[in-house]
Structures are given as C-alpha cells and as structure tokens.
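Input: a single structure, listed below in structure tokens.
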Amino acid sequence: MSAADDQPRSQLEPQSLIEPLLGSADATHELLPLPSHPVPTPGWYTPHRLMAVFCSILFLAYLDMGCFASNGVNGSLEPKTGIQGDFNLSYFADGVLPAAFMIGLMGTSALLTSLTAQFNAFRLIGVGMALWGLGAVACGLSQGFWTLLFSRMLVGSGEASIITLSAPFIDDAAPAASKSRWFAFLSVFPSLGVAAGYFYGEAVSAQYGWRVPFFIEAAFAIPVVAFTLLADPVELKGRKSSSPSGDPGNAEETEGKLAGGQEKQGDAEETEGKLAGGQEKQGTWKVLRHDLSVLHRHPVFLLNAWGYVPIQACLGAFTYWGPKAAMQIFNRPKAVADTTIGALTICTSIIGTMGGGYLLDRMGSSLQNAMTLSAASAALALVACEAAFLLARSFVAFCAVLSIGLLGLFLATAPLYAVSMWAVPPEQRPSSQALLVITMHLCGDVPAPPLVGALQGVLLNWRYSTAILVAGLVLSIALYSIGIPKAKHAKDYRDASE
C-alpha cells in the first residue's frame, strides 16, 4: 500500500483517538497470515478501526448490564420501585435474573467454538448482536418474572459472540510488542459500559420508567447489526469460516488455499490441518469435545481460567449489588449511590485495566510474568475489599478503600486474556475463549449475585454478605501461585503464530 493510501486512514477519528494509547499498528502486517493465496482484506479494515468497532459493541453490550443493575431500573421492595417492586421479587429471585443472563451467555459461547469452523466469525458477532437487541426489546415488554428471565437469557445469548470472539481478532491484529496493552484497552470498555449503565438507567428511568431504557438500547443496536452483517467481513486467523460472500462452499475453497501453501511443510502441519479443516464434518458437539480435550492438556491455561473465577465473582456481585449495598450501608440516596459506584467503576477500570496491560508489557509479556501479576493483583484486591466492607465507617473512607480493591481486580484483566491467547495453539483460541467465558461465569458471576442475595436475606448485613464473597480471592492467589512455576516451562504459542 502506498503512502498516499495510508494518509487518509491516519486522519480517521477512531484511529487518531486510539493510536496514542496503543501505538502504531504498522507492524501488525507482519503478524497477519501470509498464505500463497491471501484472503483479500476488507477496504474498511485497519487494526485500529477493528478495535474501535469492537470497543463500541462491548460498551453497548455492557451498558445493558449496568442499566439493569441500577437502582432506577432494578428498584426496590420498599418503597416498591423498578423491576423488584413491580414484580415483587425477593432478593434471591432478583439475583437469579443476572444468573439467567450468564446462562444464556455460556450456552451460546459453547456453540461458537464450532460455529466459527463453519461461518465467518465477524458475521457471527452481527447475528449475536441482533439477538441481543431482540432480548432488550423483550425485557422492556416483560410482564412478570418468567418472561423477564427468558428475556435476560436471550440478551446473554446475543452478547456471547462479541465476548468470545473479540479477543482472537485483536490477538491477530495487535503488534507483538504491545499486545497486552491492546487486550487491556479492549477490556476497559465492558467496565465503562457497566458504569455508564448506572447513570443511564437512573437518568432515563427517572423520567420515563424502567422499561424505556431497554427500548433505547435496542435502537442503538440497529447500526451495529447492520454494519457487522453487511460490511465486508474480517477473517479470523486459524479457523475455517464462510467467505465474504457468505457461501460456505467458498469458505472451504478459501480455507483450502490458506492451508494449501503449507502442505509441504510436514506431516505435523497436515495433521493439524485435518483437525481444524475437518471440523465441519464432525458435528458441533464432537468439535466441542475435541477442543476441550486439547485445552485440558494445557495446565497454565486452566490455572489462569480457574484463578480468575473468584475475581469474576467479586466483579459480578459488586456490579449487581454494589449500588444497593452502598445505599443501605451508609444510608445514601439511590442517585448518589448509583453515581458514586459508577464513577468509581469507570476510574478504576480504566486505570486498573490499562495499568495491567502496561505493567505486563514493561515486565516482559511472558506467561510467567502474567501469572505473577495476576497473583499480586488478587492479593491487593483481597486486602482492600475486605477492609472497605468490614472496617470503613464513613462513605468517603469506604469509596477510597474500595477503589484500591477494584484496581486490584481490574489489574488482572489484561494478563487473563494474554494467557488465554498465548498458552494454547492458535487454532484453539476461539475454543479457549469459550471455555474461559463458561468457567469464569458458571463458577463466578452466575452464582455470585444470588448467593450474595441469599446471604443478605439471612444475615441482613451487607458488610458480612459481601465480605464472605471477597474471601474467595484466597483461592485466586493460590491457583495463580501454583501456575507461576508451571508457566516458566510452558510453551508460548506466539512463536508458532507470529
């Protein structure tokens, strides 16, 4: 590409905003696959534009989570406001709703690992966001607990595509020297979306009721769905997918060309090609079982995934119950609680997540350093969060100490995605993301909200209810500590993919 062609791209707003934080992506072209018959790159594509698209989608998807958890939308029993008041939900039933969302997300994530062998992954993101928009509309139309439960499952099913597939795309696009920062930047937007959702849900519901915010979300999803389904798609490295025209037959031809230039490199590549290229004929569940068996032979990946479970549980519980707990512990107005917790989440997510990526790049982005940083982050979060809930006697002190704990939780985000990408073979990255999503949600933020809600129903003390959950971070520290020496001798698959 000529310099003249490059110049207009550099002036585009998404790239000009992102590049100062992430650095130039000129080196990215060295990371892309170089088959003898390369797949044409879409005309709109640059690494920074792709990042901007995914960040926007993640922000919108997680805006819904914050909106649903806000005091304005979720409401309360006394006085009867919002969802909890209209449907007369107990704390446990209220906590089951985010669990239903995660069940939908996990179930679809499990299917995506094989669907990417048959269909273009970028198109799957578009289909997922279409389901997400339908689920948002259904939430606004719900007339009771069970219809709302189904609607939240539908929203979660739609959100699975962007959560599962965005990291492998960014791993392909990001320069080798700053991959951790790219993962960190991408990971900021879920937290920003949740925090913004607190403000959004409170502001809109105060004027128009708790149903209207869901309809507005669905309207915002329309251009996202249109772009991801109609624009020329990006191909995910290492997986068979549909051609840009959407014809699965052409997909096989394209993938054959990608693999054809490597047929003479040895039996190992041929065997790997058969495993990856023949997935479509094996059936969805056979592909899933095969991929899971491969992933379970990589202990560093498993320790990384399970080590993050208590962290995800804390984030899930804080996201859902945080505003309500702060409101009741310190007797603050619901608008003040929503605004303050939202602001804390925004600030700590940006500083913590970007800081984790920056620290990992500075330390040297090895598997061992990633596990070490995660262990230290979990230890910081454990001490600070327990102190905030058990010792803080004023709202100001609570916010100050809790912010340190949240920083610790968010510091572990970039190392989490780095290890999940680098500790497994390149062709297994969608499967690793699916298993990561299932593990950390099934054992993390799916049971956490109803568990904390049930504890609160018995203890009637938010300090003790949350402190019991935070104590689980001891398990994170232990698992990451076990993984540190194992990571020193584990294979880093970036050497194979780059």
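The chain as shown is numbered from 1 upward.
Including glycine, each Cβ sits where the backbone N, Cα and C put it.
Range 341-360 is the one annotated as transmembrane segment, of 341-360, 441-460 (source: TrEMBL). Residues 304, 307-308, 310-311, 314, 356, 359-360, 363, 398, 401-402, 404-409, 411-412, 415-416, 462-463, 466-467, 470-471, 473-474, 476-477, 480-481, 484 of the same chain lie 6 or more positions beyond the ends of the transmembrane segment (372-389) yet place their CB under 8 Å from a CB of it. Among the recorded stretches 91-112, 300-321, 464-484, the one sharing the largest number of Cβ pairs closer than 8 Å with the transmembrane segment (395-422) is 300-321.
Counted over residue pairs separated by six or more positions, the transmembrane segment (182-200) shares at least 3 Cβ pairs under 8 angstroms with the transmembrane segment (341-360), which defines the two as touching.
Among the stretches 50-71, 91-112, 124-143, 341-360, 464-484, the one making the largest number of Cβ pairs under 8 Å with the transmembrane segment (300-321) is 464-484. Summed and averaged per residue, pLDDT over the domain 'Major facilitator superfamily (MFS) profile' (50-488) gives 85.
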